[in-house]
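Engineer: Sending over a structure as structure tokens; questions will come in a sec.
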Amino acid sequence: MGNSSSHTHEPLERGFTRGKFGDVKNGKSASFRFSKKSPKKMDRLRRSFRDSFRRRKDRVPESSKPHQWQADEEAVRSATCSFSVKYLGCVEVFESRGMQVCEEALKVLRQSRRRPVRGLLHVSGDGLRVVDDETKGLIVDQTIEKVSFCAPDRNHERGFSYICRDGTTRRWMCHGFLACKDSGERLSHAVGCAFAVCLERKQRRDKECGVTMTFDTKNSTFTRTGSFRQQTLTERLAMATVGTNERSVDGPGSAMPGPPAATVKPFNPFAIERPHATPNMLERQSSFRLSTIGSQSPFKRQMSLRINDLPSNADRQRAFLTAAAGNPMQTPLRSVSPIAEVSPAKSAGADPLSAAAVAADSVSQLCQELSQGLSLLTQTDALLAAGEDLNFNNNRSINQNIIAAEKQVQHVHSYAPPTAQVTPRVASTTPTYQTLHSQSPSRSEQSIETSTELPNAEQWLGHVVRSTSPAAPKRPTYLANVGRAQTLASGTGAAVGGGGPDDPFDAEWVANVAAAKQLSPDLPIPSTARSPLARHSTNPFISPPKAPAQSFQVQL
């Protein structure tokens, strides 16, 4: 007891102080038991004792497990191969292949402070996929065609990485992994098996497709042979059956190419056949070919709308070639006459102003006659409606109607169609209202040589004026019917006694006068031998007499 030092029995809590919240803090004057460290030699001794009492597993290298690698190849082909890994992330590299590039990328990823993600690496012939263990989310989904290189890490046993092309940024990226239970060599072997499966599928597609391409450097042209048509399911099953039969042959010498398996088309009586296109529709053409186009169809042409095939362009080209050959095409006459123009031959040797004035006077005359005829039609309807109330005692009105009947007969025999060279002049008239005989206006015609007819527009207007007959009365009466009959019957007798110019608008007054004569025979009958100068015109449009005025002038 005396040999022991005084400090061997110090309390364990000496040197410990409690904080504000009751926690224990270790100060500088802590207990010797907690502050004194063991020497390094003692640590080595303890470690050796622990290792000796533990059963240590023998380390077997991955190269001595070929049976597991064969199982990995079958698992890759069946898309059931998976490894537990830690995904370190990805980093950009500047080369598409090389073990040194992969090792440098893995070194950078291990030194980074990024926490690795535990996941499951699925390897198949389609691609590489990494699924998070906790969230089951897809971390990496890489198609096997975009992977350019893969290799294990020579500095780390469980390291593995591959280089691929990023689809968005088009950069070379290196993805790093650390295998949890397996080595990096096994992961690299599995990815190599995925490369082989992808290559076999591509070669099989090319063989089934049968498309070959050749490039001619002289013409810089590509030549494709074959078709990209995909085989049907029946054809694929037949090919698989043939391949199985060939592999099942025992000896290599007895392998004989047998006939292809006959494919039996299944028959379903309830199936409706799919509609197919006709052979005409499958022909290569510039436009879709329809059946015979009817008259009611909006499609009228059986050809494509090429520039050279248009009817307008074809006619224009044919006309140009015909004109160039010296045989101009004869265009058909138009149904509507064009606007008449004054010919320079018409005014040859004469003053052009006088010729234009003559043409303007003829047009003005026709317009005046047309307006007078329209006004007369309206007044005739009103007169026939009140025919029953006519005052037969008015001698002045009766005599005027009789004179108008005589002038109508003269108009039938002496009226001539106007021409462009005739200038009508109306003489001054002085009607007398006290006597029964009145002086009728006389029209003198200037004899001018007729060279040409009127233009088409003037001919049409003159034809309308000559052929227009008064409209039938709304309420036809006996007086009107008898008047028309008397007018036609008395035309011959009136033509003998009366001669001279006629007024075309006096013919409408004869009907009422003839009817009045038949109903009242006591009325005085005018003499047929009366001079034309002693008669008074019954035309209400030219009395009181005035000089003809030019209403308007048209310069053609």
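Backbone N, Cα and C atoms are what each Cβ position is placed from, and that goes for glycine too.
So Swiss-Prot lists these for the protein:
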REGION    1-71  region 'Disordered'
COMPBIAS  7-26  compositional bias 'Basic and acidic residues'
REGION    15-86  region 'Phospho-regulated basic and hydrophobic (PRBH) motif'
BINDING   Gly22, Asp23, Val24, Lys25, Asn26, Gly27, Lys28, Ser29  ATP binding site
COMPBIAS  40-52  compositional bias 'Basic and acidic residues'
DOMAIN    81-208  domain 'PID'
MOD_RES   Thr430  phosphothreonine
REGION    519-556  region 'Disordered'
MOD_RES   Ser537  phosphoserine
MOD_RES   Ser543  phosphoserine
Engineer: Could you give the number of helix, strand and coil residues in the domain 'PID' (81-208) as assigned by DSSP?
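Structural biologist: So the counts come to 41 helix, 52 strand, 35 coil.
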Engineer: Please count the residues of the compositional bias 'Basic and acidic residues' (40-52) that DSSP assigns to helix (H, G, I), strand (E, B) and coil.
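Structural biologist: Secondary-structure breakdown of the compositional bias 'Basic and acidic residues' (40-52): 13 helix, 0 strand, 0 coil.
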Engineer: Which whole number is the mean pLDDT over the region 'Phospho-regulated basic and hydrophobic (PRBH) motif' (15-86)?
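Structural biologist: Over the region 'Phospho-regulated basic and hydrophobic (PRBH) motif' (15-86), the predicted model scores a mean pLDDT of 67.
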